[in-house]
Amino acid sequence: MSQQPAYKRILLKLSGEALMGEQDFGISPEVTAFLAREVQSVVDIGVQVALVVGGGNIFRGEGLARAGMDRVTGDQMGMLATVINALALQDAIERIGGMQARVQSAIRINEVCEDFIRRKAMRHLEKGRVVVFAAGTGNPFFTTDSAASLRAIEIEAELMLKATKVDGIYSADPKKDPSAVRYQEISYDEALGKRLGVMDQTAMVLCRDHGMRLCVYDMSREGALRRIVTGETGIGTWVNR
Ligand code: GTP
């Protein structure tokens, strides 16, 4: 396996659901430990890593919104859920030893974690600390994918990775359509035009307009993150301008 990183700074977006593992709710300690080891495998070769995590394993707003809950309240609950996940990741990352992590929240919750301060986040990264960005963008109506795109651009990451349960972007849902093919590479405009559902449009357009490369890959494959970050090709789908 290559020891040479192809990227100096990356941002990895994890869905909240990914943290559940086999459970149907909450946080699996096995999954957070696995993710911490995956992150360590790239931190060890000098890559600066920022994380953005969703909150769907703890709170999903859609059901309650359908039942009449105010959307803004639901989104705020979702943001708090991401803070819980970020703390779990911080703990898992520091517990395996050798790494430090800092959680920065887009909403003020100082007793629990730091506020998002871009320059401070970048200093943490330069010092080799993993920074976990919590609470999305701090605003309702924005997804954590949009938050990830925004933070990746802000911290001048060279690559954004979206960890999913499938090994890339397909022409159709591979579970429903056996003729679905995986794209090795696709442009943002093509993915947007074909409505491939990679990320929401806001997140995609932000990445496109700021030239942020995106790699969508299967997070459950041990070693995949290290292979991508050391420049191995053929893994996941790459989305380019
Ligand atoms: P340096 O400036 O490089 O020394 O970084 P540092 O993060 O180690 O120093 P700092 O003194 O800022 O933080 C020490 C510890 O306090 C770290 O674990 C931070 O995550 C934590 N911390 C810093 N600011 C806050 C905050 O506003 N709220 C909470 N809850 N923790 C904070």
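Every residue gets a Cβ built from N, Cα and C, even glycine.
As annotated by TrEMBL, domain 'Aspartate/glutamate/uridylate kinase' applies to 8-216.
As annotated by TrEMBL, ATP binding site applies to Lys13, Leu14, Ser15, Gly16, Gly56, Arg60, Thr164, Tyr170, Asp173. There are 20 other Cβ atoms within 10 Å of the Cβ belonging to Gly56 (ATP binding site).
Residues near Thr137 (UMP binding site) in space but far in sequence (CB under 8 A, at least 6 apart, same chain), listed by position: Ala106, Ser146, Ala147, Leu150. Sequence annotations record features per position, and here TrEMBL assigns UMP binding site to Gly55, Asp75, Thr137, Gly138, Asn139, Pro140, Phe141, Phe142, Thr143, Thr144.
The Cβ neighbour count for Phe141 (UMP binding site), using a 10 Å radius over every protein chain in view, is 11. In sequence order, Val53, Gly54, Gly56, Thr144, Ala163, Thr164 constitute the residues six or more apart from Ser15 (ATP binding site) in its chain with CB-CB distances below 8 Å. The full span of the recorded UMP binding residues, Gly55, Asp75, Thr137, Gly138, Asn139, Pro140, Phe141, Phe142, Thr143, Thr144, taken as their largest Cα to Cα distance, is 14 Å.
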